[in-house]
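*Asks:* Here it is, the structure, as structure tokens.
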Amino acid sequence: MEEVVIVSAVRTPIGKFGGALSNHSSVELGTIVTKEAIKRAALSPAQIDQVIFGNVLSAGAGQNIARQIQIQSDIPESKTAFTVNQVCGSGLRAVRSGQAAIAVGDAEIVVVGGTESMSNAPFLNHDMRFGHKMGAVNIEDSIQKDALTDAFSGAPMGLTAEKVAEQFNITRQQQDEFAFQSYQKAITAQDNGTFNDEIIPIDLPNGTQINSDESVRRDTNLAKLARLKPAFKAEGSVTAGNAASLNDGASALVLMTKQKALELGIHPLATINGYKETGIDPSIMGYAPYYAIKELAKSQGISVNAFEQVELNEAFAAQALAVINQLGIHRERVNATGGAIALGHPLGDSGSRIIVTLINNLKRNHQHRGLASLCIGGGMGMAIDISV
């Protein structure tokens with residue numbers, strides 16, 4: 001496979017559910033980062049061959065979100081775009097799909113990424129298509145139906161995290177401590193301006209601007225986390241404090257071959273070295289990154305601890321801890337600037353967002369090799385190996 005490089009990487013701030021970005025659709029957020037990614041790569045829209053975006057909550061957003069982003073980003077109509085939905089892994093799957101398109105010669109330059117406006121996800125009604133004679137009308141939340149509920153058992157994702165916690169003896173205290181550390185790292189990163197290079201500020205309708213992740217709770221402490229009630233079972237350990245929240249956000253990267261970058265005089269930000277995805281029992285979906293990371297390291301002929309920085313999406317503290325502990329990953333290398341528990345988890349965006357953050361963390365620390373990985377509802381895991 002021809003060597004594919006990342007020449008640009010950018011993201012929006014991550015907005016709270018119903019927060020500052022709630023007036024922006026998934027298409028609008030994706031368009032903002034696509035335009036900025038092209039600009040940062042010193043390219044023109046006409047040079048882009050394809051746009052691939054991950055998105056999970058697409059109901060009501062119009063045909064093919066990626067195509068809408070493409071056209072609104074002034075990329076010629078003669079070019080193409082498609083949207084992928086692999087739940088939490090959608091943004092990372094978009095990156096892999098872009099890499100594959102370039103490697104087989106279907107495209108030379110591809111914009112990839114993920115976008116999600118959970119705030120704008122609609123409610124669903126399945127009773128009205130052919131009329132409803134009488135009685136109550138059933139309304140479902142598309143967030144719960146299409147994102148937060150296991151399609152096979154009907155269990156909420158939080159119960160899969162409870163099962164992982166029980167299987168691997170992850171205590172409530174350990175989960176709360178992990179969550180607290182995530183917040184502390186995110187606060188430090190914000191205070192130090194660490195995210196400034198990767199975030200594009202967004203102007204809001206009220207004349208203000210959002211330029212930092214909105215979900216970072218500065219007043220969180222271990223005592224407050226300990227007081228929270230279990231969210232999914234009476235005697236459980238998973239709470240709103242040690243799990244990721246609902247959020248809005250988008251991220252985009254520009255991919256091309258190393259040779260194409262050389263021809264255009266563009267200095268690559270990173271090289272994609274390898275990728276793996278695996279499937280497991282959906283009822284313990286959060287543990288799937290263990291297998292994806294293990295297989296990826298094996299395929300590259302390296303140890304898991306050859307990765308100097310690791311971005312492991314924190315859907316739940318329980319599953320993140322199980323993966324870290326069982327792989328023996330050095331804890332200080334994981335989510336150096338905070339993870340999804342603190343920053344937020346806009347579903348379709350997270351897979352590409354963690355790559356954007358990973359690149360910046362590697363460069364800032366003058367390190368070489370990094371890993372990004374996520375668990376995926378339905379029982380899957382993804383992992384990607386990059387170097388800068």
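Quick reminder: no glycine exception, Cβ is built from N, Cα and C everywhere.
TrEMBL does not curate its annotations; it predicts them automatically.
Not my notes, these are from TrEMBL:
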{"type": "DOMAIN", "residues": "4-258", "note": "domain 'Thiolase N-terminal'"}
{"type": "ACT_SITE", "residues": "Cys88", "note": "active site, acyl-thioester intermediate"}
{"type": "DOMAIN", "residues": "267-385", "note": "domain 'Thiolase C-terminal'"}
{"type": "ACT_SITE", "residues": "His345", "note": "active site, proton acceptor"}
{"type": "ACT_SITE", "residues": "Cys375", "note": "active site, proton acceptor"}
*Asks:* Per DSSP, what is the residue tally for the domain 'Thiolase C-terminal' (267-385) in helix, strand and coil?
*Replies:* 58 helix, 30 strand, 31 coil
*Asks:* What does the structure give for the C-alpha distance between Cys88 (active site, acyl-thioester intermediate) and His345 (active site, proton acceptor)? Integer Å is fine.
*Replies:* 9
*Asks:* Near the Cβ of Cys375 (active site, proton acceptor), how many other Cβ atoms are there if near means within 10 Å?
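*Replies:* Result for Cys375 (active site, proton acceptor): 34 neighbouring Cβ atoms inside 10 Å.
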*Asks:* Measure from the Cβ of His345 (active site, proton acceptor) and count the other Cβ atoms within 10 Å, all protein chains considered.
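*Replies:* So the Cβ neighbour count for His345 (active site, proton acceptor) comes to 26.
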*Asks:* Give the distance between the Cα atoms of Cys375 (active site, proton acceptor) and His345 (active site, proton acceptor), rounded to the nearest whole Å.
*Replies:* 12
